[in-house]
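> Got a structure here, written out as structure tokens. Questions coming.
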Amino acid sequence: MIVKYGGNAMKSLDLRRAVAAEIAALRAEQTVVVVHGGGPVIERELAARGIPSEFRAGLRVTTPDAMDVVEMALCQLNKQLSQDVGHAVGLMGRDSDLLRAEIFDPTLGRVGRVTGVNADVLRALIGAGLTPVVGCVAVGPDGDALNVNADTAAGAVAGALNEGIVFLTDVDGVYRTYPDPASRAAHLTRAEVEGGIQDGWIAGGMIPKVRAALDALDRGAPFAVIASGMHAGALSAAARGEAGTRITP
Ligand SMILES: Nc1ncnc2c1ncn2[C@@H]1O[C@H](COP(=O)(O)OP(=O)(O)O)[C@@H](O)[C@H]1O
Ligand SMILES: CC(=O)N[C@@H](CCC(=O)OP(=O)(O)O)C(=O)O
């Protein structure tokens with residue numbers, strides 16, 4: 001299974017370690033590949049350097065200067081997460097062409113669209129009993145770094161490995177009337193997702209997440225669930241289909 005782990009569910013050290021412990025426990029039952037972002041860490045490092053950045057439809061407009069900071073921040077986080085999870089190897093998408101990408105839209109700067117995944121590297125690590133922990137910086141056609149939204153990166157990895165995916169975040173799933181948790185949808189079809197984006201009740205960072213879930217299903221993932229990483233036991237409940245929002249074709 002692929003676990004996408006993002007910034008909002010790793011805001012404190014305690015939370016980060018709790019999720020890492022859940023990932024480690026899940027490994028007793030199944031193979032796990034972690035793909036991570038780190039929006040809040042990136043935000044902090046950009047602010048410390050006085051580099052402004054803005055989001056368009058959930059994607060960070062990434063100047064070359066911002067790209068350097070994104071890569072530096074995610075590389076450090078990658079090592080911390082790998083250590084937290086244990087028996088893990090931390091890699092960035094740039095290592096061994098793990099994530100290949102092209103420029104998504106020139107107006108967004110160095111933001112990448114994934115064009116290929118080196119699944120063999122992941123299989124080799126898994127075969128050696130190690131858990132791959134992948135940071136979402138891809139290699140572009142020029143060999144330079146491209147900033148890929150971590151949900152998008154995780155969806156592409158799930159599709160390439162034909163494995164199910166759980167996107168961990170700071171909400172219990174997709175809410176029909178955000179921010180009311182009671183309005184969580186247990187299931188959403190592609191048509192409902194597209195309608196939700198159009199009508200505006202799926203917004204901001206949830207847009208790349210639902211799109212990545214659909215993309216993962218299109219590329220061969222058997223299931224895709226968006227769930228909370230904020231409560232103990234949430235990951236295993238989501239893996240059993242008992243929590244979160246399951247996106248269906
Ligand atoms: N319909 C919705 N249901 C739940 N969350 C939503 C919805 N629409 C927008 N959101 C926002 O999406 C956020 C999750 O995306 P994001 O902040 O990018 O998470 P992460 O950093 O975990 O990847 C939620 O915290 C919420 O603010
Ligand atoms: C292009 C783009 O938006 N990239 C993201 C990559 C990190 C990410 O996605 O982190 P979360 O999973 O914590 O949101 C960014 O720069 O914030």
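From the backbone N, Cα and C atoms, a Cβ is placed for every residue, glycine too.
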> For the substrate site that TrEMBL lists with Gly38, Gly39, Arg60, give the additional residue from the candidates Asn118, Asn147.
Asn147
> Using Cα coordinates, what distance in whole Å links Gly39 (substrate binding site) and Lys209 (site 'Transition state stabilizer')?
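Distance between the two Cα atoms comes out at 14 Å.
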> Pick the one among the binding-site residues Gly38, Gly39 whose Cβ has the fewest other Cβ atoms within 10 Å in this structure.
Gly39
> What other residues of this chain sit with their CB within 8 A of the center of the CB atoms of Gly38, Gly39, Arg60, Asn147, the recorded substrate site?
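Not counting the recorded site residues, we get Gly7, Gly37, Ile42, Glu43, Val70, Leu74, Cys136, Asn149, Ala150.
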